[in-house]
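Listed features, source Swiss-Prot:
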| type | residues | note |
| --- | --- | --- |
| ACT_SITE | His277 | active site, charge relay system |
| ACT_SITE | Asp325 | active site, charge relay system |
| ACT_SITE | Ser421 | active site, charge relay system |
| BINDING | Asn41, Glu46, Glu47, Glu56, Glu66 | Ca(2+) 2 binding site |
| BINDING | Glu46, Glu56, Glu60 | Ca(2+) 1 binding site |
| BINDING | Glu47, Glu56, Glu66, Glu69 | Ca(2+) 3 binding site |
| BINDING | Glu54, Glu59 | Mg(2+) 1 binding site |
| BINDING | Glu54, Glu59 | Ca(2+) 4 binding site |
| BINDING | Glu65, Glu69 | Ca(2+) 5 binding site |
| BINDING | Glu65, Glu69 | Mg(2+) 2 binding site |
| BINDING | Glu75, Glu79 | Ca(2+) 6 binding site |
| BINDING | Glu75, Glu79 | Mg(2+) 3 binding site |
| BINDING | Asp86, Gly87, Gln89, Asp103 | Ca(2+) 7 binding site |
| BINDING | Glu291, Asn293, Glu296, Glu301 | Ca(2+) 8 binding site |
| DISULFID | Cys57-Cys62 | disulfide bond |
| DISULFID | Cys90-Cys101 | disulfide bond |
| DISULFID | Cys95-Cys110 | disulfide bond |
| DISULFID | Cys112-Cys121 | disulfide bond |
| DISULFID | Cys127-Cys138 | disulfide bond |
| DISULFID | Cys134-Cys148 | disulfide bond |
| DISULFID | Cys150-Cys163 | disulfide bond |
| DISULFID | Cys262-Cys278 | disulfide bond |
| DISULFID | Cys392-Cys406 | disulfide bond |
| DISULFID | Cys417-Cys445 | disulfide bond |
| DOMAIN | 40-85 | domain 'Gla' |
| DOMAIN | 123-164 | domain 'EGF-like 2' |
| DOMAIN | 236-469 | domain 'Peptidase S1' |
| MOD_RES | Glu46 | 4-carboxyglutamate |
| MOD_RES | Glu47 | 4-carboxyglutamate |
| MOD_RES | Glu54 | 4-carboxyglutamate |
| MOD_RES | Glu56 | 4-carboxyglutamate |
| MOD_RES | Glu59 | 4-carboxyglutamate |
| MOD_RES | Glu60 | 4-carboxyglutamate |
| MOD_RES | Glu65 | 4-carboxyglutamate |
| MOD_RES | Glu66 | 4-carboxyglutamate |
| MOD_RES | Glu69 | 4-carboxyglutamate |
| MOD_RES | Glu72 | 4-carboxyglutamate |
| MOD_RES | Glu75 | 4-carboxyglutamate |
| MOD_RES | Glu79 | 4-carboxyglutamate |
| MOD_RES | Asp103 | (3R)-3-hydroxyaspartate |
| SIGNAL | 1-19 | signal peptide |
Amino acid sequence: MAKIPLILSFCLLEAFLGAESTVFIENKEASTVLSRTRRGNSNRLEELIPGNLERECIEEKCSFEEAREVFENTEKTMEFWKIYIDGDQCNSNPCKNGAVCKDGVSSYECMCPPGYGGRNCEIDSTCATKNGGCEHFCRHDTPQKAVCSCASGYKLHEDGKSCKPAVPYPCGRITAPEMRGKVTRTENTIERWNITAHDEGDAHDEALDITEPPPPPTTSAAPAKIVPITKNDTRVVGGYDSVKGQLPWQVHLVDSRGLGFCGGSIINEKWVVTAAHCLEPGDNVTAVAGEYNTKEDDHTEQRRQVVKILPYPTYNRTRNKHHNDIALLELDQPLTFNSYVTPICIGSRDFTNNLLSNGPGTVSGWGSMLYRGRSAIVLQVLTVPFVDRVTCLKSTSTTILHSMFCAGYTAGGKDTCGGDSGGPYTNSIGETWFLTGVTSWGEECAKPGKYGIYTKVAKYVKWIRETTRLT
């Protein structure tokens, strides 16, 4: 009986092995059914095999030394390590103006193109854009480096860009207590500046016997606009009563009878600039600085006798009294500067040209408030837009030379007029005012379609500086 269970067991085993469905299959066939990723260091000692990037730094966190084993080159390892350790700092594109970004460990470096600087190459280090960031003057020390400087009476701030007063009453700065809290400047937003390599000498004289045809319309981009911020004072015909001390560089020229006939601007303690057609050598002229109300004693006036009248060397009244219409007046005694008697700033040639052509200007004087009307008693002030040369030439049959420019309103109603000649046309940058023009002539006053014509000061900068010994 004991043999029966044993025989039965063998029979069952044979039946199981002969079944159609088998449990075990060949190794190669099994690999197609079940697979797993083998580690880079499977079954071998890591120290005995060459470096593997997957094994060292992807499956596990690696050290710099382990990464170095993979690349076997320090420079390539560094490039990998900068991104591996803290991500690519250049992904956010921090570099500006076409600069190339180079990633670093927790940092980045911008490789700036020529003419740009700063951490992100955001600073245009040339004078072409935004005047090189300079508050006053910009010049090129090297072809791609802008160097800032300041007008007389100012010093360059530690930032190398802004200008701070170095004297109590620097040029072009309004300091009268009556002007505190009053906005008188235009917000300068000039983007592009045209600075030449040699921003110095005066322009060449023009031939008077050549009639200049209007140039063809230009297709270049229009100059950047400056949005003016002006005061809302009581309106006078064409202008406004100024605030006392608002125009401390304004001079009133009076004759031997004490009657005013022209204006002028203070250059320094001994010199005033005006229009050449206003007077002739030998005239008895008194320059009154600090004037405000011509019918009252303002207690701020300083009267000086004019001892020398110097028109521009090539000025010829007989041929054309408005060509090179600018003159310098030497005073018998120096003026004493204060909040009501302050010089106007004189910029370089290119600086003055850029400032002039990119925004509205401010004109002032005691001239007629209507064509052939009575003169103003209180000093008048008016903001007028600069007029492009094509429009200027089309407005008149009279020759407009390059020493002249137009300013005013096409609709008329606002303009300089008789008695304002010789007075200042000024533009501001920041809180500093610069002389950019001298009131010269016009066809009637404030007539629609006509503009005031001014002498372009930029042409005469070198002559003014040399004659007045202005530093």
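From the backbone N, Cα and C atoms, a Cβ is placed for every residue, glycine too.
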_Candidate nearest Cys57 (disulfide bond) in space, where candidates are the recorded positions Glu79, Gln89, Asp103, Cys150, Cys406 and distance is Cα-Cα_ = Glu79
_Length of the line joining the Cα atoms of Cys148 (disulfide bond) and Cys138 (disulfide bond), in Å_ = 5
*Over the domain 'EGF-like 2' (123-164), what does the predicted model average in pLDDT?*
85
*asked:* Tell me the coarse DSSP state (helix, strand, coil) of Glu301 (Ca(2+) 8 binding site).
replied: coil
_Cα within 10 Å of Cys62 (disulfide bond) - qualifying recorded positions among Cys101, Asp103, Cys110, Glu301, Cys406_ = none
*For Asp103 (Ca(2+) 7 binding site), just give me the three-state DSSP call.*
strand
_Cβ neighbour count within 10 Å of Cys121 (disulfide bond)_ = 22
*What recorded positions among Glu66, Cys262, Cys406 are found with a C-alpha within 10 angstroms of that of Asp325 (active site, charge relay system)?*
none
_For the Ca(2+) 8 site (Glu291, Asn293, Glu296, Glu301), what does the 8 A shell look like? I mean other same-chain residues with CB within 8 A of the CB centroid._
Val288, Gly290, Tyr292, Thr294, Lys295, Asp297, Asp298, Thr300
*asked:* Treating G and I as helix alongside H, and B as strand alongside E, what does DSSP give for the domain 'EGF-like 2' (123-164) in helix, strand and coil?
replied: 4 helix, 19 strand, 19 coil
*Looking only at Cys90, Cys150, which of these disulfide-bonded residues has the biggest number of Cβ atoms within 10 Å around its Cβ?*
Cys150
_Helix, strand or coil at Cys262 (disulfide bond) [DSSP, three-state]_ = strand
_Check the DSSP secondary structure of Cys406 (disulfide bond), expressed as helix, strand or coil._
strand
_Cα within 10 Å of Cys134 (disulfide bond) - qualifying recorded positions among Gln89, Cys101, Cys112, Cys121, Cys278_ = none
_Which of Gln89, Ser421, all recorded positions, has a Cβ with the fewest other Cβ atoms inside 10 Å_ = Gln89
*For Glu75 (Ca(2+) 6 binding site) and Gln89 (Ca(2+) 7 binding site), what Cα-Cα distance in Å is obtained after rounding to a whole number?*
18
